Ligand SMILES: Nc1ncnc2c1ncn2[C@@H]1O[C@H](COP(=O)(O)OP(=O)(O)OP(=O)(O)O)[C@@H](O)[C@H]1O
Ligand SMILES: [Mg+2]
């Protein structure tokens, strides 16, 4: 009896077993080192980008107002170089938003089809196919856009074919699988009792989808759209291949344009590190970083609002 | 034959068989369900109670690979025939599930959902219907000041009563309840039992329960299922005092299951 009490109380104290303690400490160390490495990588990228991105304004005296509000981009002019990036900022937002407007209804519609209308077939065939499409490299989408879509647009709507429209369509097709598969996951993870409850009240399938399923899944659906937009906003290659890359503001969907990413990839090769020209490219990159932070914060906010029983 | 046979049968189940794929879940069930009574369905886990209650409003049709045969007469009409209007059937035969499953909407919208999908749209009329349903479910006093807050903020017992309110808001004839109190505390349980006894004035109630005392307290008739078969059904007093079948006796005495 006495022996038992001693054992019980000693069990409640911290283990004094040497090897167990040692292992415990080693595990903790390994995990902490990994975490530290990742955090410091993310931090140093952020700091580096911020410093480099501000160099153009602080060191080279580029006006931040001009940079954000002028459409005059001519950093290679020797007499009076100009650094107005508005066209590209506008171009990035334009193709991203237009692509999201196309991909969101299509992707969510596709997700509804997979989960609500034809769940067995959808789960077995459609969902794996769509997840496969998520992994297709963007250069493939760009290449198809370049060799099929651009000539098609040229012959149907006129112009050169290289245009905001081409960029939008390529991006929309590219982010469609992302939107569809995340949305489908969201719909699948709703509690089954929700649909049953609606059917049992005499609702039809469409009423159930519109009034119960979609509202309940709304935060996840928005997350799907925002993740798609984040991918579209950061995409360089596929867009660059079809958008035409001009420095002016597009006036119509059929006009060519440029985006932040396409300007960076096109110009980083032939500017010298440390020059004003090179530094403004870093400023463009800083905008991209700020936007991706914004997208991440927005997704966090949405998922914290996710609420269903 | 007891006096009750003179009463109107709202459901009359004859020779009902249900299969899930190749599994024979209900075998030759013969069971009348009388108007304005509480019928309790009892039996050990897996005996087919939920299956039976889900056939009554054809919710079973949402399960894959289900087959049914026999006769399931609801007000003289065989529900197993082709072309049953599920919308109007479920408006008349409402169902409350084991686990409270309110929608992620406000309390008001949860209760208004049924009337809305059945075409009620006037604000005044909806408000009256919602209030009446919540009063009937003994929930009104607890929620009248927070009608437009999320239903998911209610306690488990309140959520279950909300689901009952949501179901009776469409003014059904029959109320099916599948273990409505199995996840609730004793106080919420007794509220729902009291509610069932009140509601039978206006509704016919079929209630699945694992709780013998509950069946004895609340129901007028009890049906005992065992492995997909209906062993015995009679007035509740008879089932609990002098059942015909020893298996029924063993079960209600708590000797197995
Ligand atoms: N969707 C389904 N697919 C296949 N078999 C099922 C399905 N639902 C139930 N069954 C089977 O049918 C039989 C009866 O199930 P049912 O859910 O009606 O039992 P129950 O009496 O309600 O049990 P419990 O008291 O545990 O709720 C069980 O053997 C079960 O495994
Ligand atoms: Mg059950």
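The backbone N, Cα and C atoms fix where each Cβ goes, and this holds for glycine too.
Among residues of the same chain six or more beyond the transmembrane segment (A:31-51), those with a C-beta under 8 A of the stretch's C-beta atoms are 282, 285-286, 289. What TrEMBL lists as transmembrane segment is A:31-51 (among others).
Taken from TrEMBL, the feature transmembrane segment covers A:83-113 (among others).
Residues or ranges marked as domain 'ABC transmembrane type-1' in TrEMBL: A:89-299.
Among the features that TrEMBL reports, transmembrane segment is placed at A:125-150 (among others).
The transmembrane segment feature in TrEMBL is assigned to A:162-187 (among others).
The transmembrane segment annotation in TrEMBL covers A:208-230 (among others). Among residues of the same chain six or more beyond the transmembrane segment (A:208-230), those with a C-beta under 8 A of the stretch's C-beta atoms are 96-97, 99-100, 103-104, 107-108, 111-112, 116, 175-176, 178-180, 182-183, 185-187, 189-190, 194-195, 197-199, 291-292, 295-296, 298-299, 302-303, 305-308.
Residues or ranges marked as transmembrane segment by TrEMBL: A:280-302 (among others). Panel annotation: around the transmembrane segment (A:280-302), residues 46, 49-50, 52-57, 62, 67, 75, 83, 85, 88-89, 219, 222-223, 226-227, 229-230, 233-234, 260-261, 263-264, 267-268, 271 of the same chain, lying at least six beyond its termini, place a Cβ under 8 Å from a Cβ of the stretch.
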